[in-house]
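Asks: Quick paste of what TrEMBL says about this protein:
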- 31-132: domain 'Thiamine pyrophosphate enzyme N-terminal TPP-binding' (DOMAIN)
- 65: thiamine diphosphate binding site (BINDING)
- 220-353: domain 'Thiamine pyrophosphate enzyme central' (DOMAIN)
- 439-590: domain 'Thiamine pyrophosphate enzyme TPP-binding' (DOMAIN)
- 441-521: region 'Thiamine pyrophosphate binding' (REGION)
- 492, 519: Mg(2+) binding site (BINDING)
Ligand SMILES: Cc1ncc(C[n+]2csc(CCOP(=O)(O)OP(=O)(O)O)c2C)c(N)n1
Ligand SMILES: O=C1C[C@@H](O)[C@H](O)[C@@H](O)C1=O
Ligand SMILES: [Mg+2]
């Protein structure tokens with residue numbers, strides 16, 4: 001057997017260079033690069049290996065482990081899971097910082113390779129710096145905390161273990177039904193240990209992303225269900241986007257008059273201008289989509305996980321009469337809501353289903369246009385909200401008094417409403433620009449009123465809704481789509497939580513644009529607490545003497561070397577957006593927006609943990625309301 005003597009880390013980097021993915025006849029290297037933050041746990045192992053020979057891997061220095069991992073996740077998500085970045089961290093806190101990002105990748109089914117360093121395999125110097133030392137087991141390290149948030153997890157304590165571990169990791173990451181984070185923790189001494197590796201291990205490996213076809217039983221059953229239904233609705237989930245099923249979805253929708261509704265992950269699979277696209281479904285959905293879903297007698301769920309947001313906590317449908325047809329590569333997902341299951345690729349299934357539906361027409365025909373027109377009018381209203389100091393009725397009603405709203409207008413020196421700012425942006429940026437968001441009130445506004453007219457230009461992480469993904473992820477998107485403008489839509493709370501990779505973007509000349517909506521608080525959570533009977537408690541950003549915080553975020557961005565703008569009116573915002581397009585450097589546009597001016601409601605319900613006993617009548621009422629809603633919700 002021919003062997004090659006390498007350290008574990010050198011073998012790892014050599015292997016990463018030889019992984020390819022084959023999708024629809026096209027073959028591409030699967031690992032584009034590696035994000036690094038070096039510490040004593042990886043600099044002398046993986047650091048040395050990369051310095052010696054990184055091959056084709058692009059090496060990018062991150063600033064925060066969670067942030068760089070979010071950038072890697074966003075890269076993979078934007079590339080429709082066809083390519084990844086790996087992420088290497090040091091031990092202890094460096095590894096622990098991966099946990100929120102791993103959860104983000106897992107909840108969203110995004111492949112990414114995490115390579116945290118681990119404690120010494122020999123245990124000679126124990127306890128090493130940053131080792132937690134559990135009394136009941138020396139085998140526990142910080143990295144065990146990554147197990148529940150990894151799709152595949154392993155610890156390498158001998159060099160030769162690397163071979164079987166990497167093969168399993170790539171099998172998982174390149175399987176659409178299992179795609180998620182693979183975490184391989186490598187003992188820091190082992191990273192530098194040498195071994196005579198079988199040369200065959202480093203041969204080119206192609207991972208085939210084949211499209212699983214449905215069996216005849218599934219196809220016939222699906223066709224029968226659709227033909228027997230009067231009012232079917234197609235729910236476009238993230239799986240539809242990853243399967244690139246746009247054309248066939250549009251064809252079926254058009255031919256058989258079946259309206260489309262979307263999840264956050266599925267949005268912009270089909271552009272919003274498509275006449276049967278009624279937009280987002282559920283808690284953050286449009287009135288049009290929510291009305292259509294309630295009328296439906298069949299939901300054709302394509303690549304959806306049916307989260308609480310998409311199903312309005314299982315109240316979005318009439319469960320007495322509505323049937324479900326689930327098309328999903330994952331059996332676990334297909335089994336949901338007692339559906340008829342087709343466990344197969346979305347695009348292939350729909351293409352094979354098409355000829356079986358000839359002659360079928362739903363009873364939705366004219367209703368689709370009516371619902372859509374009604375929503376277009378509502379969106380138009382939301383684009384022109386204007387503040388009044390005497391009698392302002394914001395979208396989120398009965399929470400802040402006029403005096404309080406005036407206090408915000410004075411403190412932040414603004415009268416700008418969030419919906420108006422958002423739609424100004426939608427109208428001003430280039431249609432092929434990519435927008436990213438993740439947490440706060442913006443995902444709701446985006447799902448309802450943002451109109452993407454170009455497919456795959458809407459990038460929402462709403463599986464984990466992890467604050468901090470917005471800015472970090474914009475770097476990953478820019479790496480995936482270098483010719484497009486990328487806009488990160490972020491609340492002040494999320495920006496404060498994590499924006500370290502903004503600096504990385506500036507450092508590597510990867511232009512991103514931050515659109516910062518500053519309402520001086522955790523706005524959506526404030527809505528949630530007050531909407532369920534609470535007071536305004538620790539969600540506004542106020543000083544010790546109760547003054548509204550007014551942070552000069554533009555100045556912060558300028559300090560990093562970005563071009564920054566302060567915009568509190570529509571005209572200032574438009575001018576800033578136009579100027580930002582011309583910049584080569586990253587930009588930040590700060591908008592002070594009034595609280596309570598985000599969208600709200602539209603016939604949806606979110607099941608949250610309201611207090612069963614409380615001294616407040618308003619909370620007692622909220623609990624009663626929840627109990628009433630639960631009577632119509634499906635129990636599982
Ligand atoms: C990492 C993380 N921590 C906490 C939360 C819970 N959470 C969701 S939205 C939110 C506040 C967001 O505030 P901001 O970014 O200012 O957006 P706004 O709601 O004001 O628009 C919080 C704390 C979360 N989603 N992610
Ligand atoms: O708790 C939450 C409430 C949602 O409104 C918000 O978008 C999300 O980020 C979240 O975590
Ligand atoms: Mg805020």
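Even glycines carry a Cβ here, placed using N, Cα and C.
I'd like these features described in context: how deep, what's nearby, how far apart.
Replies: For residue 65 (thiamine diphosphate binding site), the count of additional Cβ atoms within 10 Å of its Cβ stands at 27 [all protein chains shown].
Each residue of the domain 'Thiamine pyrophosphate enzyme central' (220-353) gets a DSSP state, and the totals for helix, strand and coil are 53 helix, 27 strand, 54 coil.
Confidence across the region 'Thiamine pyrophosphate binding' (441-521), taken as the mean pLDDT and rounded to a whole number, stands at 98.
Contacts of residue 492 (Mg(2+) binding site) defined by a Cβ separation under 8 A and a same-chain sequence distance of 6+ are given as 516, 517, 518, 519, 520, 521, 541, 551, 553, in order along the sequence. According to DSSP, residue 492 (Mg(2+) binding site) is assigned to a helical segment.
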Asks: I'd like the per-state residue tally for the domain 'Thiamine pyrophosphate enzyme N-terminal TPP-binding' (31-132) from DSSP, helix first, then strand, then coil.
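Replies: Summed by class, the stretch gives 37 helix, 23 strand, 42 coil.
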Asks: Under DSSP, the region 'Thiamine pyrophosphate binding' (441-521) has how many residues in helix, strand and coil?
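Replies: Within the region 'Thiamine pyrophosphate binding' (441-521) the tally stands at 34 helix, 16 strand, 31 coil.
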